[in-house]
Amino acid sequence: MPQLGLLPRKAWVALLSQILRPPHAACPRAVRFHSQVSRTESSRLLQQGLQVAEAVLTSQLKPNQEKSNFIIKTPKGTRDLSPQQMVVREKILDTVVSCFKRHGAKGLDTPAFELKETLTEKYGEESVLIYDLKDQGGELLSLRYDLTVPFARYLAMNKVKKMKCYHVGKVWRRESPTIAQGRYREFCQCDFDIAGEFDPMIPDAECLKIMCEILSGLQLGDFLIKVNDRRIVDGMFAACGVPESKFRAICSSIDKLDKMSWKDVRHEMVTKKSLAPEVADRIGDYVQRHGGVSLVEQLFQDPRLSQNKQVLEGLGDLKLLFEYLTLFGIAEKISFDLSLARGLDYYTGVIYEAVLLQTPNQAGKDSLSMGSVAAGGRYDGLVGMFDPKGHKVPCVGLSIGVERIFSIVEQRMKVFGEKVRTTETQVFVATPQKNFLQERLKLIAELWDAGIKAELLYKNNPKLLTQLHYCENMGIPLVVIIGEQEMKEGVIKLRSVASREEVAIKREHLVGEIQKRLSDS
């Protein structure tokens, strides 16, 4: 029987007309019923029937139409990672996390979403980039924008006064993605934070040391870490004549100097944020200066800045910081840069940002503009914003931009034709004969139980050549071969995939021989 919804309109008219036509005289009951239905009523019933039929037809066709228009893709600003990409990503994360652990950090995790109230008024102008979620039962929620605010909330909620930890997780920002530069709407951050009251600049110096270790370990090429202090930034604004109510807005503009020219930034401050042109020009005299500890000494003598208490406090801490950085052997990687502002509202002291000067595959060419690959700073007041009594816990930390680093590593691998193994399989269990599945399963169970990474083909009777080709393609170093001859002699053949050399090993000595070869390789 055909589906009624798929009948054409003419067929429906014919079918309903048949139902409503006068009955045969031989059926008195039907005659009596039909005589009670007027011609107008018949027409109305026919029209209603057609409307029902069209509704059924539309409901059946609509899903098919929607399906034909549906495009299979990931949402804007997100991406899948292939097995090859996951290998590269995991190596990056291993380098980062092992460095965090080397410096004594504990692991921490927090929910992917927070109460909306937790995240509001923490990010300044960037708050518009927060993803708000639909009300799901009385709580207004948002996806986390970074890992710093959730960490501060954790400290306040659990009344933690001292902690050194690392936190790896995804964050979400509703900004315009630039995939080529590693800028996504969903991305992974790796954070390291030190919470607690300590002597000045020692934790801050360690954060910069960690940043240097990670960027050097990832072999991304030459890099520079810009440092500044929010007290110097705010004091500079005050000394130049910026109204206090405009500090955060002007700070957000200055923070764009790594992407925009001073001319464009000045234009934004004057036209969009109503800053007096002469005030903008005074700011311009400072934000285009950068150097080392000598610049710190110069600013101590600056007639305008030296009158500001905030600036003097910031300069004093930076001078001490450079002493510790020299002891750590990384002072040459650090630049005191007055253009660095870090637009997030919660920073209160030293701020820093790492940029790559040149990627490894671009020797002799222009540097690739990837923006910052790591950043951080001191945020002494953030925890107090969550504490009912306003108790502060001084904090300093850093965040590694995994996605941007991953994009650089991917580019390097393409240039140099580097390949990666997608599995860590050490041994493949093979057979040249039919009906040896049971023996292969027993043998591979022995290897797994001994902690050896092994696999086999999920076939009862695989061809030996197919198995060996699989090992070569997957980069598996060793093959153990079992067959009738090996069973009779109580041995297993151990084959090196690279050299194709085979040796017979006593079954009871096989695990030990494999472990020895793997440890020597």
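Counting begins at 1 with the first residue displayed.
Note that Cβ sites are derived from N, Cα and C of the backbone, with glycine treated the same way.
No curator has checked TrEMBL annotations; they are predicted automatically.
Worth saying up front: this structure is predicted, and the values here are computed from it rather than measured.
Noted in TrEMBL for the protein shown:
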BINDING   ASP146, LEU147, THR148, ARG173, GLN189, ASP193, ARG342, TYR346, TYR347  L-histidine binding site
DOMAIN    77-432  domain 'Aminoacyl-transfer RNA synthetases class-II family profile'
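When other Cβ atoms within 10 Å of the Cβ of ASP146 (L-histidine binding site) are tallied across all protein chains shown, the result is 20. Within the set of binding-site residues (THR148, GLN189), the lowest number of other Cβ atoms found within 10 Å of a Cβ is recorded at GLN189.
For the binding site of L-histidine, formed by ASP146, LEU147, THR148, ARG173, GLN189, ASP193, ARG342, TYR346, TYR347 according to the record, the largest Cα to Cα distance is 21 Å, rounded to a whole number. Counting only same-chain residues six or more apart in sequence, the Cβ atoms lying under 8 angstroms from the Cβ of TYR347 (L-histidine binding site) belong to ARG230, GLY377, ARG378, TYR379. Here ARG342 (L-histidine binding site) comes close to ASN228, ARG230, ASP255, ILE351, GLU353, ALA375, GLY377: these same-chain residues lie at least six apart in sequence, with C-beta atoms under 8 angstroms from its C-beta.
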